[in-house]
Amino acid sequence: MLYYIIRRIFMMVPTLLVISFLTFFIIELPAGDYISNQIAALKSTGEQSSVAKLEFLRKEFSLDRPFFERYLIWIGLWQGPHGFDGLIQGNWGWSFEFDKPVDQVVGPTLPLTIVLNFATILFVYVVSFPIGIYSATRQYSWGDYGFTFIGYIGLATPNFLLALILLYLFNQWFGLSVGGLMAPEYIDQPWSFDKAMSVLAHLIVPTIVIGTSGTAAMIRRLRANLLDELHKQYVTTGRAKGLKENQLLIKYPLRMAINPFIADIGNLIPSMVSGSVIVSVVMSLPTVGPILLSALQSQDQFLSGFILLFVAVLTLIGMLISDLLLAVLDPRIRLGGRASS
Amino acid sequence: MSMDTRDGGPAREVEHYVDPTPFNPAVTEEMTEEQEQFYQASQWQIMWWKFKRHKIAVWSGVVLILFYLCVPFAEVIAPYGPNTRDSLHLFAPPQSVHLFNEGEFVGPFVYGMTSQIDMETLQWVFTEDTENVQPIRFFCRGASYEFWGLFDADFHLFCPAEGGTLFLIGTDRLGRDQFSGLVYGARLSLTVGLVGVTISIVLGLFFGGIAGYFGGFLDSIIQRMIEIIRSMPELPLWMALSAALPVTWSPVWIYFGLTIILGLLDWPGLARAVRSKLLSLREEEYAKAAVLMGAKPKRVITRHLLPGFTSHIIASATLSIPAMILGETALSFLNLGLRRPAISWGVLLNEAQNISVVTVYPWLMAPVAPIIIVVLAFNFLGDGLRDAADPYK
């Protein structure tokens, strides 16, 4: 098991490298950079005094170097103006827009981003598991049809629209502001029990909104898998030998069906992280989402680059966890190396 | 078989009997007409029969065709131009269509609106004027437009009464008719998925084909690539890529840029499907026979293997169209995709970004409805196609 974990973690290193390179490539795609754009703007207004300072800044952030050198400096594998000082050394870069180091800009939002995504995954598991089993064991019942229908709607409604609709309805029915992280009266207040409850209450709606489509997909998945298993002969054998229905279900077909269910969470995580970004923008939650949007719009490259990398790492870690869970559950993977399904 | 007796004698003989109908030795293998039809039908015919049995999928197809009619005929269907401003009706609420006025049948009509400004909230307040009956005209001449940018015309399916207004789902902050906006927006919103999917199919076929047919080193490289792309959250990447589109580009270029971005991140799913199908199909005997007869890889793939899973590709492509439509909507909603004067459902939704505006003018959320309907319909259609894709099952 330990061997598997170590191997799995080592496999992440090349992936991370490729992802960091892609990220850097993408954020460098727009013509120019933040500072040279400012220089151009200043030059057009005829102001010369600040240009020298900006030129100095360009050197300082090694924006005048060639592309590959800049990339290596960014991740900390090449000597920049201050020696090896990149992501690996813990320097996340400088945000031009906020005029602060990136870690100070995104720092406060990172815990909430992680909590929100974790809560969503938990929500998806907790909700889809019983419903999936119910739908499979009572196929073609009214409950099954009902859940299938709701699931389809959930799949079809984009989460940011759902957020918009829910915001509107809550506002209309309860006069409640569900946007933001807490009720307005708690902002700038010291932490208290009431404030924590307010934060929790505000987390519920985004969690549901982000998790809905994932839940719908997982229910369909589990239902289909379980139905396949339930029609197999060993189930009939078990029944013929007098096993109780519940015991039979939990002991055999469920254990088979749960495997892809967990493997699939790896596929779902990227879409949930995506969802959390846009839902945060709509509901003005202080996660990395809104910061990413503004950073992209103002071409604040180190900030947007770091956030892109951060969400990618978040999904990688989520996939790692799902793989490890799978290995715990399935000895074939732990020992053999690859899942058969 | 009847047995006749010649006389009442005790020693009766059984008469030699021959059945005159011709004997068909293959009688046990003979098929009913239905079966015969089934076995003689082409693959596509059987798929169609199977698809037809999936009622929801068929109806979804019909709904989609109706929606797609807006693409070529937007100008005719919309009563107003997409960017026509009516400065007298800013944020006008939807006018509901009535049939009876004071118990008298007049046909479909709307009541005119009188507007007043509320000096306290500084908002326009519209009230229905039940005296002012404005019958809707059908097949009429209304606002002029340039049809497909080719020639001037002014024919509409329906228009407001002379001097009246017809805002079926209200107007936005500049007094632009929302319904017309939706009809014109369908043009970009609905085609973005088709173009994007085409790009994704081409890429998916190319990479999946190489990986599946040649296997080995190329396969593992492409597999790795697919894994990495799939492990990245789509939306932040879309956002970053579309933020990289130059602001100076014209809407048409932005539109194509967007479709390429959407297609670029979507192909891994298709490539995977193509690869696994190819891997199993190339072991089939007919594929081996083709190779032995000296066919080149290109010919084997395109002539012998591709037809075997075209239906699967179509089905899975259908299922990835809604994701692209939603992607475009999300990007335009966030101001990173299309912008006015280009109109898509996402651009229209942009007006609804501010929740305090939406609570006062809820009809700004109208584009949500067609988006959900279209996405649902594509999902059902895709499900039906997928079930029909393997007709011999």
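Each residue, glycine too, has its Cβ placed from N, Cα and C.
Heads up, TrEMBL stuff is auto-annotated, nobody curated it.
Since we're looking at a predicted model, the values are computed, not measured.
Database features (TrEMBL):
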type	residues	note
DOMAIN	A:110-326	domain 'ABC transmembrane type-1'
TRANSMEM	A:9-27	transmembrane segment
TRANSMEM	A:114-137	transmembrane segment
TRANSMEM	A:149-170	transmembrane segment
TRANSMEM	A:199-219	transmembrane segment
TRANSMEM	A:261-285	transmembrane segment
TRANSMEM	A:305-329	transmembrane segment
Selection from A:114-137, A:261-285, A:305-329, the stretch that has most Cβ pairs under 8 A to the transmembrane segment (A:9-27):
A:305-329
Okay, the transmembrane segment (A:305-329) and the transmembrane segment (A:149-170): do they have at least three CB pairs under 8 Å, pairs separated by 6 or more?
no
Residues of the same chain, at least six outside the transmembrane segment (A:199-219), with any C-beta under 8 angstroms of its C-beta?
115-116, 119-121, 123-125, 127-128, 131-132, 135, 147, 150-152, 154-155, 157, 159, 162-163, 166, 170, 178, 180-183, 186, 261, 264-265, 268, 271-272, 275-276, 279-280, 283, 285
